Every structure is written in structure tokens, then in C-alpha cells.
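Peer 1: Okay, so Swiss-Prot annotates it like this:
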type     : residues         : note
TRANSMEM : 16-36            : transmembrane segment
TRANSMEM : 55-75            : transmembrane segment
BINDING  : H166, H170, E239 : Zn(2+) binding site
ACT_SITE : E167             : active site
TRANSMEM : 182-202          : transmembrane segment
TRANSMEM : 214-234          : transmembrane segment
Amino acid sequence: MTNFEKIIAQNKLKTNAVLATYCVIFAFIGLLVDVIRINANDLGTALFKLMTFQIFPTITIIMFLVAFVIIVVCIQNFSSIMLSGDEYKLIDKSKVLSSKENQIHRLLLELLEEAKLHFEPKLYIIKAPYMNAFASGWNESNSLIALTSALIERLDRDELKAVIAHELSHIRHNDIRLTMCVGILSNIMLLVANFSVYFFMGNRKNSGANLARMILLVLQIILPFLTLLLQMYLSRTREYMADSGAAFLMHDNKPMIRALQKISNDYANNDYKGVDQNSTRSAAYLFSAEMFSTHPSIKNRIQSLSRRVI
């Protein structure tokens with residue numbers, strides 16, 4: 001196993017730990033609301049009975065069902081959401097392509113062959129003045145990779161290939177699916193924690209229900225910061241994985257490093273704030289210049305790539 005394969009394996013373990021934490025917090029919030037709903041006398045006993053289905057955890061089940069429905073709706077519309085608000089072009093190999101369009105399509109095919117993948121993501125060019133890229137899609141069959149026109153014009157062949165390899169790695173690692181699920185769980189948790197305390201105010205304030213209400217009040221303060229930290233940690237872990245995946249496919253870390261440096265310098269020398277109003281897409285970009293970005297800093301990404309041996 002190469003160092004790049006090791007870092008991917010290590011980051012998968014970290015991802016699983018974060019996902020498990022999300023699911024535990026999500027279920028715990030639902031169970032606390034159920035404790036308030038049944039007006040329990042003892043918190044511990046009520047939680048045990050709810051978890052063992054001696055008492056049906058109605059709110060908890062509803063929360064999971066709502067999350068499932070929202071995920072299904074997002075699956076149907078995610079790609080159109082990601083591409084909305086911009087002039088974009090599908091690279092359709094059945095039509096006449098420009099030299100640049102031919103080039104990026106050939107680069108994608110080379111990477112698919114190198115990775116022994118049996119699917120081909122749709123390839124889009126977004127007309128934009130900034131250099132960036134993103135991947136989208138719930139699974140391989142509806143996946144896509146989008147590159148901005150500025151990125152295609154300013155990167156050389158190997159750098160472009162590295163960027164496409166990075167986005168292809170996101171698809172291979174199911175990062176888009178993961179990001180979507182975590183975002184939905186976070187929003188539902190925040191909504192339930194913020195509003196559920198007031199839904200059952202008419203209940204008698206038995207000690208168990210009252211304690212559950214107090215815990216939810218504390219979570220109202222803690223959850224926004226906790227979910228932000230978890231999302232940042234998770235997303236940064238996946239970016240390191242995608243960088244490593246790109247270098248592994250390229251058999252060289254230098255093209256990815258050069259691409260990151262050029263993109264970073266482009267944002268440093270130009271003010272693109274407000275150019276892209278699509279916040280969902282902005283979070284998925286290869287590079288983000290925001291202070292509280294879900295992406296690691298370019299410096300850390302380059303350091304991580306530089307110390308890995310292929």
C-alpha cells in the first residue's frame with residue numbers, strides 16, 4: 001500500500017467516526033424530544049424504554065423519515081441546483097468540440113482508464129472569470145464534473161488532469177452523497193433543538209421531561225458550533241483524500257500542487273466576492289478563500305501532498 005492509499009484509508013476511518021457522531025447526536029435529540037412528549041419522570045429510564053421500543057420513539061422516527069424524504073428530493077434535483085445561475089455547456093462527444101473541449105474530454109477518459117472505472121461522469125464547462133471546479137451527483141450514474149472556463153484557459157495539460165482527477169476522486173469516495181446527508185442532518189438537528197422545547201410546554205414538568213428540556217436548551221447554544229466544526233473537519237478530511245486520490249492517479253503530486261498554487265494566487269490577486277451567488281456550489285468547489293471554509297488551507301494541502309511518497 002502506498003502512502004497515498006494509506007492516507008485515504010486513514011481519512012475513511014475519520015469520516016466514519018464523524019458520521020457515527022452525527023447519527024448519535026441526531027438520535028439523541030429525537031429521543032430527548034420524545035422524553036418531553038411522554039412527560040417522563042426519569043430521564044434514564046425513559047431513554048432506555050424509547051431505545052428498546054418499549055415506548056415508541058415517535059419524534060425520533062419522524063426525524064429520520066423527514067431526513068430520508070429530503071435526501072430523496074435532493075437526489076432528484078442536486079445537479080440542477082449545482083449548475084443553476086450560470087451559463088454552462090455540456091461536453092457532448094457526439095457533437096463538434098473545440099480543441100480545449102476535446103482535450104479535457106480526453107483527459108477524463110485517460111483517468112477513467114487509469115482508475116479502471118466503468119462509468120463516465122458528465123463534463124461541463126461553466127463560463128466564469130475565476131478558476132475553480134466541482135463534482136456533483138448522488139452516485140456514479142448521475143455524476144458530473146464541472147470546470148470553469150478560466151481554469152481551462154490558465155492551467156496546463158497536467159494541471160488540468162490533476163484537477164479532473166481530484167474531482168473524480170470525490171465521486172469515487174462518495175463525497176457528494178456524504179456532504180449532502182451531513183448537511184441535511186445538521187439542519188434538521190438545529191431546527192428540532194431550537195423549536196421542540198416550546199412544543200410541549202403544556203406538559204407537567206416532571207423531572208425527566210424537565211431535564212430533557214434543559215439539555216435541549218443547552219444544545220441550542222452548542223449545536224451550531226458543534227455541527228460547524230464537524231462539517232469543517234469532515235469536509236477537510238475529504239479534500240485531503242481527493243488530493244491524495246488525484247496524486248495517486250497521476251503518479252505524481254507536482255501537477256496538483258501547481259494547480260492549487262495557481263488557483264490560490266488567482267483568488268489572492270482578484271476580488272471574486274459575490275461573483276458566484278450559489279452557496280451550495282461554493283461549498284463544493286476545489287478551492288475556497290473564505291476564513292471559515294470547509295476546505296483546508298492551500299498551504300496545508302500542499303504540505304500534505306509534498307510529504308507523501310507515491
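Yeah, the Cβs are placed from backbone N, Cα and C, and that goes for glycine too.
Quantities reported herein were computed from a predicted structural model and do not represent experimental measurements.
Situate these features within the shown structure.
Peer 2: Of all the Cβ atoms in the protein chains shown, 25 others lie within 10 Å of the Cβ of E239 (Zn(2+) binding site). In this structure, E239 (Zn(2+) binding site) is part of a helix by DSSP.
Secondary structure from DSSP puts E167 (active site) in a helix.
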Peer 1: Specify the count of other C-beta atoms within 10 Å of the C-beta of H170 (Zn(2+) binding site).
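Peer 2: Its Cβ has 27 other Cβ atoms within 10 Å.
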Peer 1: Should anything in the same chain at least six residues away from the transmembrane segment (16-36) have a Cβ under 8 Å from its Cβ atoms, list it; otherwise answer none.
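Peer 2: Beyond its ends, the transmembrane segment (16-36) has Cβ neighbours at 43, 46-47, 50-51, 55, 57-64, 67, 178, 182, 185-186, 188-189, 192-193, 196-197, 199-200, 203, 208-209, 212-213, 215-216, 219, 223, 226, 230, 233-234, 237.
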Peer 1: Measuring Cα to Cα, tell me the gap between E239 (Zn(2+) binding site) and E167 (active site) in whole angstrom.
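Peer 2: Pair distance, Cα basis, whole Å: 10 Å.
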Peer 1: Fewest other C-beta atoms within 10 angstroms of its own C-beta: which of the recorded positions H166, E167 fits that?
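Peer 2: Per-residue Cβ counts within 10 Å for the recorded positions H166, E167 bottom out at H166.
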